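Colleague: Not my notes, these are from TrEMBL:
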- 1-25: signal peptide (SIGNAL)
- 51-139: domain 'PPIase FKBP-type' (DOMAIN)
- 163-251: domain 'PPIase FKBP-type' (DOMAIN)
- 275-364: domain 'PPIase FKBP-type' (DOMAIN)
- 388-475: domain 'PPIase FKBP-type' (DOMAIN)
- 494-521: domain 'EF-hand' (DOMAIN)
- 531-566: domain 'EF-hand' (DOMAIN)
- 538-571: region 'Disordered' (REGION)
- 545-571: compositional bias 'Basic and acidic residues' (COMPBIAS)
Amino acid sequence: VAPGSRCLLLLLLLLLSILGAPALGDPGPLEDVVIDRYYIPKICLREAQMGDFIRYHYNGTFKDGKKFDSSYDRGATVAGVVGVGRLITGMDRGLQGMCVNERRHLIVPPHLGYGSIGVAGLIPPDATLYFDVVMLDIWNKNDKLQITTLSKPERCNRTVENSDFVRYHYNGTLLDGTPFDSSYSKGSTYDTYVGTGWLIKGMDQGLLGMCAGEKRSIIIPPFLAYGEKGYGTSIPPQASLVFSVLLVDFHNPKDGVFLEHLEVPESCKRRAVTGDFVRYHYNGTLMDGTLFDSSYSRNQTYNTYIGKGYIIPGMDQGLQGVCVGEQRRVVIPPHLAYGENGAGTYKIPGSAVLIFDVHVIDFHNPADPVEIETVFRPEGCNVTTRNRDFVRYHYNCSLLDGTRLFSSHDYEKPQEVTLGANKVIEGLNSGLLDMCAGERRVLIIPPHLGHGESGARGVPGSAVLRFEVELISMEEGVPEGYLFIWHGEPPASLYEQMDLNKDGEIPADEFSTFIKTQVAEGKGRLMPSSDPEKVIADMFQNQDRNQDGKITPDELKLKSDEDEEKIHEEL
(Lines of atoms letter the chains of each structure in order from A and count residues from 1; the text may use other names and numbers.)
(Lines give C-alpha, C1' and ligand atoms only; values in the text may rest on other atoms or scores of the structure.)
Protein backbone atom coordinates (compact mmCIF):
# COMPACT_ATOMS: atom_id res chain seq x y z
CA VAL A 1 0.00 0.00 0.00
CA ALA A 2 1.34 3.42 -0.93
CA PRO A 3 2.25 5.73 1.96
CA GLY A 4 -0.59 8.07 1.01
CA SER A 5 -3.18 5.36 0.95
CA ARG A 6 -2.00 4.05 4.34
CA CYS A 7 -2.55 7.47 5.91
CA LEU A 8 -6.04 7.72 4.39
CA LEU A 9 -7.05 4.29 5.89
CA LEU A 10 -5.88 5.28 9.38
CA LEU A 11 -7.87 8.50 9.22
CA LEU A 12 -10.98 6.55 8.19
CA LEU A 13 -10.66 4.12 11.11
CA LEU A 14 -10.19 7.01 13.54
CA LEU A 15 -13.32 8.69 12.23
CA LEU A 16 -15.39 5.52 12.54
CA SER A 17 -14.28 5.03 16.12
CA ILE A 18 -15.23 8.61 17.00
CA LEU A 19 -18.68 8.13 15.46
CA GLY A 20 -19.27 5.01 17.54
CA ALA A 21 -19.14 2.42 14.80
CA PRO A 22 -18.64 -1.21 15.96
CA ALA A 23 -15.07 -2.24 16.50
CA LEU A 24 -13.59 -5.06 14.44
CA GLY A 25 -14.61 -8.51 15.85
CA ASP A 26 -17.93 -7.31 17.43
CA PRO A 27 -20.78 -9.24 15.76
CA GLY A 28 -23.26 -6.46 16.43
CA PRO A 29 -26.88 -6.92 17.69
CA LEU A 30 -28.15 -10.56 18.11
CA GLU A 31 -30.64 -11.73 15.55
CA ASP A 32 -31.88 -14.77 17.50
CA VAL A 33 -31.78 -16.42 20.91
CA VAL A 34 -28.41 -17.82 21.93
CA ILE A 35 -28.86 -21.25 23.55
CA ASP A 36 -26.21 -22.95 25.69
CA ARG A 37 -27.27 -26.48 26.69
CA TYR A 38 -24.82 -26.74 29.55
CA TYR A 39 -26.42 -29.81 31.15
CA ILE A 40 -28.27 -32.54 29.23
CA PRO A 41 -29.47 -35.61 31.16
CA LYS A 42 -28.29 -38.99 29.89
CA ILE A 43 -31.89 -40.17 29.48
CA CYS A 44 -34.30 -37.88 27.68
CA LEU A 45 -37.65 -39.54 27.19
CA ARG A 46 -39.32 -36.45 25.84
CA GLU A 47 -38.48 -32.95 24.49
CA ALA A 48 -40.71 -29.91 24.91
CA GLN A 49 -42.65 -29.22 21.72
CA MET A 50 -44.88 -26.37 20.61
CA GLY A 51 -48.17 -26.65 22.48
CA ASP A 52 -46.76 -28.65 25.41
CA PHE A 53 -47.46 -27.59 28.95
CA ILE A 54 -44.22 -27.07 30.87
CA ARG A 55 -43.01 -26.30 34.37
CA TYR A 56 -39.61 -24.75 34.97
CA HIS A 57 -37.46 -22.69 37.29
CA TYR A 58 -35.30 -19.78 36.15
CA ASN A 59 -33.08 -16.89 37.16
CA GLY A 60 -33.20 -13.77 34.94
CA THR A 61 -30.28 -11.30 34.84
CA PHE A 62 -28.82 -8.52 32.73
CA LYS A 63 -25.41 -8.74 31.07
CA ASP A 64 -23.74 -7.30 34.16
CA GLY A 65 -25.23 -10.12 36.30
CA LYS A 66 -27.83 -7.98 38.04
CA LYS A 67 -30.94 -10.08 38.74
CA PHE A 68 -34.25 -8.73 37.53
CA ASP A 69 -36.43 -11.78 38.24
CA SER A 70 -36.30 -15.32 39.70
CA SER A 71 -38.88 -18.07 40.17
CA TYR A 72 -36.73 -19.42 43.01
CA ASP A 73 -37.17 -16.17 44.93
CA ARG A 74 -40.94 -16.53 44.64
CA GLY A 75 -40.79 -20.13 45.83
CA ALA A 76 -42.89 -21.38 42.92
CA THR A 77 -42.18 -22.82 39.52
CA VAL A 78 -43.46 -21.21 36.34
CA ALA A 79 -46.07 -23.17 34.41
CA GLY A 80 -47.38 -22.44 30.96
CA VAL A 81 -47.77 -23.55 27.36
CA VAL A 82 -44.70 -23.23 25.17
CA GLY A 83 -44.65 -21.95 21.59
CA VAL A 84 -48.09 -20.35 21.48
CA GLY A 85 -47.16 -16.71 22.25
CA ARG A 86 -47.88 -16.67 25.96
CA LEU A 87 -44.19 -16.09 26.71
CA ILE A 88 -41.76 -13.57 25.29
CA THR A 89 -40.63 -14.80 21.91
CA GLY A 90 -37.08 -15.48 23.01
CA MET A 91 -38.19 -17.66 25.90
CA ASP A 92 -40.71 -19.45 23.68
CA ARG A 93 -37.89 -20.35 21.31
CA GLY A 94 -35.31 -21.10 23.98
CA LEU A 95 -37.46 -23.59 25.86
CA GLN A 96 -38.41 -25.75 22.90
CA GLY A 97 -36.55 -29.05 22.62
CA MET A 98 -35.64 -29.13 26.32
CA CYS A 99 -35.67 -32.42 28.29
CA VAL A 100 -36.81 -32.77 31.87
CA ASN A 101 -33.89 -31.83 34.14
CA GLU A 102 -32.03 -30.18 31.25
CA ARG A 103 -30.37 -26.86 32.08
CA ARG A 104 -29.84 -24.03 29.59
CA HIS A 105 -28.36 -20.57 29.43
CA LEU A 106 -30.45 -18.34 27.14
CA ILE A 107 -29.42 -14.93 25.79
CA VAL A 108 -32.50 -13.11 24.51
CA PRO A 109 -31.96 -9.97 22.38
CA PRO A 110 -34.29 -6.99 22.95
CA HIS A 111 -36.45 -7.55 19.88
CA LEU A 112 -37.23 -11.09 21.16
CA GLY A 113 -37.70 -9.86 24.73
CA TYR A 114 -39.35 -6.63 25.83
CA GLY A 115 -38.07 -4.52 22.92
CA SER A 116 -37.67 -0.73 23.00
CA ILE A 117 -40.39 -0.36 25.62
CA GLY A 118 -39.08 -2.67 28.38
CA VAL A 119 -40.97 -3.15 31.63
CA ALA A 120 -41.34 -0.08 33.75
CA GLY A 121 -39.21 -0.20 36.85
CA LEU A 122 -37.90 -3.64 36.04
CA ILE A 123 -36.44 -4.01 32.56
CA PRO A 124 -35.10 -0.98 30.68
CA PRO A 125 -35.76 -0.48 26.96
CA ASP A 126 -33.60 -2.42 24.50
CA ALA A 127 -32.28 -4.71 27.23
CA THR A 128 -30.63 -8.03 26.41
CA LEU A 129 -31.85 -10.65 28.88
CA TYR A 130 -29.93 -13.62 30.30
CA PHE A 131 -31.83 -16.63 31.63
CA ASP A 132 -30.61 -19.71 33.50
CA VAL A 133 -33.40 -22.30 33.09
CA VAL A 134 -34.01 -25.85 34.41
CA MET A 135 -36.92 -27.86 32.93
CA LEU A 136 -38.97 -29.73 35.54
CA ASP A 137 -42.06 -31.07 33.79
CA ILE A 138 -43.51 -31.56 30.32
CA TRP A 139 -46.98 -32.80 29.42
CA ASN A 140 -49.67 -32.41 26.83
CA LYS A 141 -53.44 -32.45 27.05
CA ASN A 142 -53.42 -35.46 24.73
CA ASP A 143 -51.13 -37.45 27.05
CA LYS A 144 -52.24 -40.77 28.44
CA LEU A 145 -51.17 -42.69 31.48
CA GLN A 146 -47.68 -44.19 31.04
CA ILE A 147 -47.34 -47.61 32.64
CA THR A 148 -44.07 -49.55 32.67
CA THR A 149 -43.95 -53.04 34.18
CA LEU A 150 -40.70 -53.31 36.13
CA SER A 151 -41.16 -56.89 37.35
CA LYS A 152 -43.96 -59.42 37.38
CA PRO A 153 -44.34 -62.80 39.10
CA GLU A 154 -44.19 -65.83 36.82
CA ARG A 155 -47.44 -66.99 38.29
CA CYS A 156 -50.41 -64.63 38.19
CA ASN A 157 -53.83 -66.22 38.66
CA ARG A 158 -55.70 -62.97 39.09
CA THR A 159 -55.31 -59.24 38.43
CA VAL A 160 -56.76 -56.10 40.00
CA GLU A 161 -60.22 -55.01 38.89
CA ASN A 162 -62.47 -52.13 39.86
CA SER A 163 -63.96 -52.47 43.37
CA ASP A 164 -61.01 -54.58 44.55
CA PHE A 165 -59.31 -53.62 47.80
CA VAL A 166 -55.56 -53.23 47.33
CA ARG A 167 -52.55 -52.96 49.61
CA TYR A 168 -49.46 -51.48 48.00
CA HIS A 169 -46.19 -49.75 48.70
CA TYR A 170 -45.10 -46.76 46.65
CA ASN A 171 -42.52 -44.06 46.17
CA GLY A 172 -43.96 -40.86 44.68
CA THR A 173 -41.81 -38.31 42.86
CA LEU A 174 -42.31 -35.38 40.55
CA LEU A 175 -41.17 -35.83 36.95
CA ASP A 176 -37.77 -34.31 37.78
CA GLY A 177 -37.22 -36.91 40.51
CA THR A 178 -38.14 -34.75 43.52
CA PRO A 179 -39.75 -37.09 46.10
CA PHE A 180 -43.02 -35.97 47.63
CA ASP A 181 -44.30 -39.07 49.45
CA SER A 182 -43.50 -42.70 50.27
CA SER A 183 -45.39 -45.48 52.03
CA TYR A 184 -42.07 -47.07 52.99
CA SER A 185 -41.22 -44.07 55.16
CA LYS A 186 -44.49 -44.61 57.05
CA GLY A 187 -43.74 -48.30 57.58
CA SER A 188 -47.10 -49.46 56.24
CA THR A 189 -48.82 -50.11 52.94
CA TYR A 190 -51.40 -47.79 51.43
CA ASP A 191 -54.73 -49.62 51.60
CA THR A 192 -57.76 -48.60 49.57
CA TYR A 193 -60.44 -49.58 47.07
CA VAL A 194 -59.78 -49.22 43.34
CA GLY A 195 -62.20 -47.50 40.98
CA THR A 196 -64.45 -46.05 43.66
CA GLY A 197 -63.06 -42.50 43.78
CA TRP A 198 -60.77 -42.90 46.75
CA LEU A 199 -57.68 -42.40 44.59
CA ILE A 200 -56.63 -39.87 41.96
CA LYS A 201 -57.86 -40.99 38.54
CA GLY A 202 -54.43 -41.87 37.26
CA MET A 203 -53.70 -44.22 40.15
CA ASP A 204 -57.16 -45.77 39.85
CA GLN A 205 -56.32 -46.59 36.24
CA GLY A 206 -52.67 -47.47 36.84
CA LEU A 207 -53.40 -50.21 39.38
CA LEU A 208 -55.82 -52.08 37.12
CA GLY A 209 -54.49 -55.36 35.78
CA MET A 210 -51.70 -55.69 38.34
CA CYS A 211 -50.73 -59.01 39.91
CA ALA A 212 -49.84 -59.42 43.55
CA GLY A 213 -46.08 -58.94 43.74
CA GLU A 214 -45.90 -56.92 40.52
CA LYS A 215 -43.87 -53.71 40.34
CA ARG A 216 -44.86 -50.83 38.05
CA SER A 217 -43.77 -47.33 37.19
CA ILE A 218 -46.83 -45.15 36.61
CA ILE A 219 -46.44 -41.64 35.14
CA ILE A 220 -49.60 -39.61 35.66
CA PRO A 221 -50.24 -36.31 33.83
CA PRO A 222 -51.61 -33.46 35.98
CA PHE A 223 -55.16 -33.69 34.63
CA LEU A 224 -55.31 -37.28 36.00
CA ALA A 225 -53.63 -36.21 39.25
CA TYR A 226 -54.04 -32.99 41.27
CA GLY A 227 -54.36 -30.61 38.29
CA GLU A 228 -54.23 -26.84 38.68
CA LYS A 229 -54.51 -26.86 42.46
CA GLY A 230 -51.69 -29.25 43.25
CA TYR A 231 -51.63 -30.77 46.74
CA GLY A 232 -50.27 -28.99 49.78
CA THR A 233 -46.70 -27.80 49.58
CA SER A 234 -45.25 -31.00 48.17
CA ILE A 235 -47.09 -31.25 44.84
CA PRO A 236 -47.15 -28.02 42.81
CA PRO A 237 -49.98 -27.12 40.44
CA GLN A 238 -49.91 -28.79 37.03
CA ALA A 239 -47.38 -31.40 38.16
CA SER A 240 -46.92 -34.77 36.51
CA LEU A 241 -46.49 -37.52 39.11
CA VAL A 242 -44.31 -40.63 38.96
CA PHE A 243 -45.21 -43.56 41.19
CA SER A 244 -43.08 -46.66 41.68
CA VAL A 245 -45.65 -49.17 42.93
CA LEU A 246 -45.31 -52.63 44.50
CA LEU A 247 -48.66 -54.39 44.84
CA VAL A 248 -48.52 -56.39 48.06
CA ASP A 249 -51.95 -58.00 47.90
CA PHE A 250 -55.55 -57.43 46.90
CA HIS A 251 -58.96 -58.95 47.31
CA ASN A 252 -62.60 -58.23 46.72
CA PRO A 253 -65.16 -57.96 49.52
CA LYS A 254 -67.20 -60.60 47.69
CA ASP A 255 -64.31 -63.08 47.66
CA GLY A 256 -64.64 -66.46 49.29
CA VAL A 257 -61.89 -68.89 50.20
CA PHE A 258 -59.77 -69.98 47.24
CA LEU A 259 -58.45 -73.55 47.31
CA GLU A 260 -55.59 -75.03 45.37
CA HIS A 261 -55.10 -78.78 45.66
CA LEU A 262 -51.33 -79.22 45.59
CA GLU A 263 -51.25 -82.97 46.26
CA VAL A 264 -54.15 -85.33 46.85
CA PRO A 265 -53.50 -89.00 47.72
CA GLU A 266 -54.76 -91.48 45.13
CA SER A 267 -56.63 -93.33 47.84
CA CYS A 268 -58.93 -91.07 49.82
CA LYS A 269 -61.53 -93.16 51.62
CA ARG A 270 -62.80 -90.33 53.76
CA ARG A 271 -62.88 -86.53 53.73
CA ALA A 272 -63.04 -84.23 56.74
CA VAL A 273 -66.38 -82.67 57.65
CA THR A 274 -67.67 -80.30 60.33
CA GLY A 275 -67.07 -81.76 63.77
CA ASP A 276 -63.94 -83.68 62.79
CA PHE A 277 -60.72 -83.12 64.70
CA VAL A 278 -57.85 -82.38 62.33
CA ARG A 279 -54.08 -82.42 62.91
CA TYR A 280 -52.13 -80.52 60.27
CA HIS A 281 -48.89 -78.73 59.56
CA TYR A 282 -48.88 -75.35 57.84
CA ASN A 283 -46.84 -72.42 56.61
CA GLY A 284 -48.70 -69.11 56.75
CA THR A 285 -47.57 -66.30 54.43
CA LEU A 286 -48.80 -62.99 53.14
CA MET A 287 -49.34 -62.60 49.39
CA ASP A 288 -45.87 -61.13 48.95
CA GLY A 289 -44.35 -64.27 50.46
CA THR A 290 -43.66 -62.91 53.94
CA LEU A 291 -43.84 -65.80 56.43
CA PHE A 292 -45.87 -64.90 59.52
CA ASP A 293 -46.28 -68.30 61.17
CA SER A 294 -45.36 -71.96 60.76
CA SER A 295 -46.20 -75.11 62.70
CA TYR A 296 -43.01 -76.67 61.34
CA SER A 297 -40.92 -74.12 63.26
CA ARG A 298 -42.52 -75.43 66.47
CA ASN A 299 -42.13 -79.06 65.35
CA GLN A 300 -45.74 -79.62 66.34
CA THR A 301 -48.94 -79.95 64.37
CA TYR A 302 -51.86 -77.60 64.84
CA ASN A 303 -54.77 -79.59 66.25
CA THR A 304 -58.36 -78.41 66.18
CA TYR A 305 -61.98 -79.16 65.39
CA ILE A 306 -63.21 -77.77 62.09
CA GLY A 307 -66.48 -76.03 61.44
CA LYS A 308 -66.89 -75.19 65.13
CA GLY A 309 -65.48 -71.66 65.21
CA TYR A 310 -62.22 -72.51 66.96
CA ILE A 311 -60.17 -71.14 64.04
CA ILE A 312 -60.62 -68.23 61.62
CA PRO A 313 -63.66 -68.71 59.34
CA GLY A 314 -61.55 -69.03 56.21
CA MET A 315 -59.58 -71.93 57.62
CA ASP A 316 -62.76 -73.51 58.96
CA GLN A 317 -63.99 -73.52 55.37
CA GLY A 318 -60.64 -74.31 53.79
CA LEU A 319 -60.17 -77.59 55.68
CA GLN A 320 -63.56 -78.99 54.73
CA GLY A 321 -63.20 -82.06 52.52
CA VAL A 322 -59.48 -82.66 53.09
CA CYS A 323 -58.02 -86.16 52.86
CA VAL A 324 -55.40 -87.61 55.18
CA GLY A 325 -52.04 -86.79 53.60
CA GLU A 326 -53.44 -84.07 51.34
CA GLN A 327 -51.45 -80.90 50.71
CA ARG A 328 -53.65 -77.91 50.03
CA ARG A 329 -53.18 -74.15 49.57
CA VAL A 330 -55.87 -72.05 51.24
CA VAL A 331 -56.10 -68.38 50.22
CA ILE A 332 -58.21 -66.42 52.70
CA PRO A 333 -59.48 -62.84 52.19
CA PRO A 334 -59.23 -60.58 55.26
CA HIS A 335 -62.96 -60.56 55.99
CA LEU A 336 -62.64 -64.32 56.60
CA ALA A 337 -59.35 -63.93 58.50
CA TYR A 338 -58.24 -61.11 60.81
CA GLY A 339 -60.08 -58.24 59.11
CA GLU A 340 -59.07 -54.60 59.14
CA ASN A 341 -57.23 -54.85 62.46
CA GLY A 342 -54.88 -57.69 61.54
CA ALA A 343 -53.17 -59.75 64.24
CA GLY A 344 -50.23 -58.13 65.95
CA THR A 345 -49.15 -61.38 67.59
CA TYR A 346 -48.44 -62.89 64.19
CA LYS A 347 -47.36 -59.62 62.52
CA ILE A 348 -50.36 -59.79 60.19
CA PRO A 349 -51.24 -56.31 58.86
CA GLY A 350 -54.81 -55.08 58.70
CA SER A 351 -56.78 -56.12 55.60
CA ALA A 352 -54.17 -58.73 54.67
CA VAL A 353 -54.88 -61.71 52.45
CA LEU A 354 -53.46 -64.86 54.04
CA ILE A 355 -52.06 -67.93 52.28
CA PHE A 356 -51.80 -71.22 54.16
CA ASP A 357 -49.94 -74.17 52.70
CA VAL A 358 -51.45 -77.05 54.65
CA HIS A 359 -50.39 -80.70 55.02
CA VAL A 360 -53.06 -82.82 56.70
CA ILE A 361 -51.49 -85.44 58.98
CA ASP A 362 -54.70 -87.09 60.18
CA PHE A 363 -58.25 -86.44 61.33
CA HIS A 364 -60.94 -88.27 63.22
CA ASN A 365 -64.33 -87.79 64.79
CA PRO A 366 -64.98 -88.26 68.52
CA ALA A 367 -67.65 -90.82 67.59
CA ASP A 368 -65.29 -92.94 65.47
CA PRO A 369 -64.89 -96.64 66.37
CA VAL A 370 -61.80 -98.68 65.59
CA GLU A 371 -61.58 -99.24 61.85
CA ILE A 372 -60.67 -102.87 61.11
CA GLU A 373 -59.49 -104.16 57.74
CA THR A 374 -58.86 -107.89 57.48
CA VAL A 375 -55.86 -108.44 55.23
CA PHE A 376 -55.72 -112.25 55.60
CA ARG A 377 -57.87 -114.78 57.47
CA PRO A 378 -56.98 -118.50 57.43
CA GLU A 379 -59.51 -121.00 56.12
CA GLY A 380 -61.31 -123.10 58.70
CA CYS A 381 -61.10 -120.42 61.35
CA ASN A 382 -63.39 -121.74 64.11
CA VAL A 383 -61.71 -120.50 67.28
CA THR A 384 -61.31 -116.78 67.74
CA THR A 385 -60.00 -114.55 70.48
CA ARG A 386 -62.11 -113.27 73.35
CA ASN A 387 -61.45 -111.08 76.34
CA ARG A 388 -59.34 -112.87 78.99
CA ASP A 389 -57.56 -114.90 76.29
CA PHE A 390 -53.78 -114.81 76.31
CA VAL A 391 -52.46 -113.86 72.87
CA ARG A 392 -49.12 -113.49 71.14
CA TYR A 393 -48.98 -111.13 68.19
CA HIS A 394 -46.66 -109.08 66.01
CA TYR A 395 -47.40 -105.49 65.16
CA ASN A 396 -46.12 -102.40 63.35
CA CYS A 397 -47.42 -99.07 64.65
CA SER A 398 -47.28 -95.81 62.67
CA LEU A 399 -49.02 -92.48 62.27
CA LEU A 400 -51.32 -92.01 59.31
CA ASP A 401 -48.66 -90.02 57.46
CA GLY A 402 -46.42 -93.09 57.54
CA THR A 403 -44.22 -92.03 60.45
CA ARG A 404 -43.02 -95.26 62.09
CA LEU A 405 -43.49 -95.39 65.86
CA PHE A 406 -43.03 -98.93 67.22
CA SER A 407 -42.69 -102.51 66.03
CA SER A 408 -42.62 -105.87 67.82
CA HIS A 409 -40.19 -107.04 65.15
CA ASP A 410 -37.56 -104.89 66.89
CA TYR A 411 -37.61 -107.42 69.76
CA GLU A 412 -36.76 -111.14 70.01
CA LYS A 413 -40.30 -112.38 70.46
CA PRO A 414 -43.90 -111.34 69.77
CA GLN A 415 -45.91 -109.13 72.08
CA GLU A 416 -47.88 -111.04 74.74
CA VAL A 417 -50.97 -109.83 76.51
CA THR A 418 -54.14 -110.94 78.21
CA LEU A 419 -57.05 -109.37 76.37
CA GLY A 420 -59.50 -107.35 78.44
CA ALA A 421 -57.01 -106.85 81.27
CA ASN A 422 -56.36 -103.15 80.48
CA LYS A 423 -52.80 -103.92 79.50
CA VAL A 424 -53.03 -102.32 76.01
CA ILE A 425 -54.91 -99.31 74.63
CA GLU A 426 -58.61 -99.87 74.22
CA GLY A 427 -58.57 -99.64 70.43
CA LEU A 428 -55.86 -102.27 70.07
CA ASN A 429 -57.66 -104.57 72.48
CA SER A 430 -60.84 -104.24 70.38
CA GLY A 431 -58.91 -104.82 67.19
CA LEU A 432 -57.40 -108.07 68.51
CA LEU A 433 -60.80 -109.59 69.38
CA ASP A 434 -62.44 -112.23 67.17
CA MET A 435 -59.14 -113.05 65.47
CA CYS A 436 -57.85 -116.44 64.40
CA ALA A 437 -54.27 -117.55 64.83
CA GLY A 438 -52.46 -116.54 61.65
CA GLU A 439 -54.91 -113.74 60.82
CA ARG A 440 -53.56 -110.34 59.76
CA ARG A 441 -55.37 -107.02 60.17
CA VAL A 442 -54.89 -103.28 59.73
CA LEU A 443 -56.37 -101.24 62.59
CA ILE A 444 -57.05 -97.50 62.47
CA ILE A 445 -57.40 -96.32 66.08
CA PRO A 446 -58.76 -92.84 66.89
CA PRO A 447 -57.07 -91.05 69.79
CA HIS A 448 -59.98 -91.45 72.21
CA LEU A 449 -59.38 -95.21 71.90
CA GLY A 450 -55.62 -94.73 71.78
CA HIS A 451 -53.40 -92.37 73.76
CA GLY A 452 -55.84 -89.44 73.88
CA GLU A 453 -55.08 -85.73 73.81
CA SER A 454 -51.90 -86.10 75.85
CA GLY A 455 -50.31 -88.77 73.70
CA ALA A 456 -47.57 -91.00 75.08
CA ARG A 457 -43.84 -91.37 74.78
CA GLY A 458 -43.16 -91.11 71.06
CA VAL A 459 -46.87 -90.64 70.26
CA PRO A 460 -48.18 -87.09 69.59
CA GLY A 461 -51.29 -85.91 71.36
CA SER A 462 -54.61 -86.58 69.57
CA ALA A 463 -52.85 -88.81 67.02
CA VAL A 464 -54.72 -91.42 64.99
CA LEU A 465 -52.68 -94.66 65.02
CA ARG A 466 -52.31 -97.33 62.37
CA PHE A 467 -51.49 -100.87 63.50
CA GLU A 468 -50.58 -103.78 61.27
CA VAL A 469 -51.19 -106.84 63.49
CA GLU A 470 -50.67 -110.59 62.99
CA LEU A 471 -51.99 -113.03 65.59
CA ILE A 472 -49.31 -115.67 66.23
CA SER A 473 -51.05 -117.78 68.88
CA MET A 474 -53.78 -117.71 71.49
CA GLU A 475 -54.59 -119.54 74.73
CA GLU A 476 -58.05 -119.71 76.21
CA GLY A 477 -58.28 -117.46 79.21
CA VAL A 478 -59.99 -117.61 82.57
CA PRO A 479 -62.75 -115.34 83.88
CA GLU A 480 -61.77 -111.98 85.25
CA GLY A 481 -60.42 -112.23 88.80
CA TYR A 482 -59.41 -115.91 88.45
CA LEU A 483 -55.88 -117.29 88.27
CA PHE A 484 -57.03 -120.93 87.92
CA ILE A 485 -60.31 -122.60 87.03
CA TRP A 486 -61.49 -126.19 87.35
CA HIS A 487 -62.76 -127.93 84.26
CA GLY A 488 -65.25 -129.80 86.42
CA GLU A 489 -66.25 -129.81 90.05
CA PRO A 490 -63.31 -129.32 92.43
CA PRO A 491 -62.44 -132.26 94.76
CA ALA A 492 -64.70 -132.56 97.80
CA SER A 493 -61.71 -132.85 100.14
CA LEU A 494 -59.52 -130.28 98.39
CA TYR A 495 -57.28 -129.49 101.39
CA GLU A 496 -56.57 -133.15 102.19
CA GLN A 497 -55.54 -133.83 98.57
CA MET A 498 -53.39 -130.74 98.44
CA ASP A 499 -51.61 -131.66 101.71
CA LEU A 500 -49.39 -134.21 100.03
CA ASN A 501 -47.37 -135.24 103.15
CA LYS A 502 -50.41 -135.11 105.43
CA ASP A 503 -48.75 -132.87 108.03
CA GLY A 504 -51.70 -130.50 108.37
CA GLU A 505 -50.15 -127.61 106.46
CA ILE A 506 -49.39 -126.79 102.82
CA PRO A 507 -46.12 -125.00 102.02
CA ALA A 508 -45.42 -123.34 98.65
CA ASP A 509 -43.72 -126.38 97.05
CA GLU A 510 -46.62 -128.68 97.89
CA PHE A 511 -49.10 -126.12 96.55
CA SER A 512 -47.14 -125.71 93.29
CA THR A 513 -46.81 -129.49 92.78
CA PHE A 514 -50.53 -130.00 93.30
CA ILE A 515 -51.60 -127.26 90.86
CA LYS A 516 -49.20 -128.46 88.18
CA THR A 517 -50.57 -131.99 88.54
CA GLN A 518 -54.16 -130.76 88.03
CA VAL A 519 -53.12 -128.89 84.88
CA ALA A 520 -51.17 -131.89 83.54
CA GLU A 521 -54.13 -134.21 84.12
CA GLY A 522 -56.52 -131.77 82.40
CA LYS A 523 -58.59 -131.20 85.50
CA GLY A 524 -58.05 -127.40 85.42
CA ARG A 525 -56.06 -124.62 83.81
CA LEU A 526 -54.03 -121.65 84.88
CA MET A 527 -54.56 -118.13 83.71
CA PRO A 528 -52.48 -118.00 80.50
CA SER A 529 -49.15 -116.33 81.01
CA SER A 530 -45.62 -116.36 79.76
CA ASP A 531 -44.58 -117.18 83.37
CA PRO A 532 -46.80 -119.94 84.90
CA GLU A 533 -44.57 -120.14 87.98
CA LYS A 534 -45.43 -116.53 88.83
CA VAL A 535 -49.15 -117.24 88.44
CA ILE A 536 -48.86 -120.16 90.89
CA ALA A 537 -46.82 -118.02 93.27
CA ASP A 538 -49.53 -115.34 93.15
CA MET A 539 -52.17 -118.00 93.88
CA PHE A 540 -50.21 -119.23 96.94
CA GLN A 541 -49.71 -115.71 98.23
CA ASN A 542 -53.44 -115.01 97.96
CA GLN A 543 -54.24 -118.19 100.02
CA ASP A 544 -51.52 -117.63 102.61
CA ARG A 545 -53.62 -115.04 104.38
CA ASN A 546 -51.21 -114.37 107.25
CA GLN A 547 -48.15 -114.62 105.02
CA ASP A 548 -46.42 -117.20 107.23
CA GLY A 549 -45.31 -119.37 104.33
CA LYS A 550 -47.94 -122.07 104.64
CA ILE A 551 -51.67 -122.51 104.05
CA THR A 552 -53.91 -123.85 106.84
CA PRO A 553 -57.39 -125.37 106.43
CA ASP A 554 -58.97 -122.13 107.65
CA GLU A 555 -57.10 -120.10 105.03
CA LEU A 556 -57.92 -122.18 101.93
CA LYS A 557 -61.01 -120.94 100.10
CA LEU A 558 -62.40 -121.32 96.59
CA LYS A 559 -62.93 -118.16 94.48
CA SER A 560 -66.68 -118.83 94.38
CA ASP A 561 -66.79 -118.92 98.17
CA GLU A 562 -64.79 -115.71 98.40
CA ASP A 563 -67.20 -113.95 96.07
CA GLU A 564 -70.06 -114.89 98.33
CA GLU A 565 -68.18 -113.63 101.36
CA LYS A 566 -67.00 -110.49 99.53
CA ILE A 567 -63.38 -111.39 100.20
CA HIS A 568 -60.44 -110.70 97.86
CA GLU A 569 -59.50 -112.89 94.91
CA GLU A 570 -58.33 -116.49 95.11
CA LEU A 571 -58.61 -119.78 93.26
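Using the three backbone atoms N, Cα and C, a Cβ is placed for every residue, glycine included.
Predicted automatically and left uncurated, TrEMBL annotations should be read as such.
Give me the structural setting of these features: burial, nearby parts and distances.
Modeller: For the domain 'PPIase FKBP-type' (163-251), the model's average pLDDT works out to 96.
Here the domain 'EF-hand' (494-521) has Cβ contacts under 8 Å with residues 484, 486, 533, 536-537, 539-540, 543, 549-553, 556, 558 of the same chain, all six or more residues outside its ends.
Under DSSP, the residues of the domain 'EF-hand' (531-566) split into helix, strand and coil as follows: 19 helix, 2 strand, 15 coil.
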Colleague: By Cβ distance under 8 Å, which residues at least 6 away from the ends of the domain 'EF-hand' (531-566) in the same chain are close to it?
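Modeller: Sequence-remote neighbours of the domain 'EF-hand' (531-566) are 481-484, 490, 494-495, 498, 504-508, 511-512, 515-516.
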Colleague: Quick one: DSSP breakdown of the domain 'PPIase FKBP-type' (275-364) into helix, strand and coil?
Modeller: 18 helix, 37 strand, 35 coil
Colleague: What counts of helix, strand and coil residues does DSSP assign across the domain 'EF-hand' (494-521)?
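Modeller: The breakdown for the domain 'EF-hand' (494-521) reads 18 helix, 2 strand, 8 coil.
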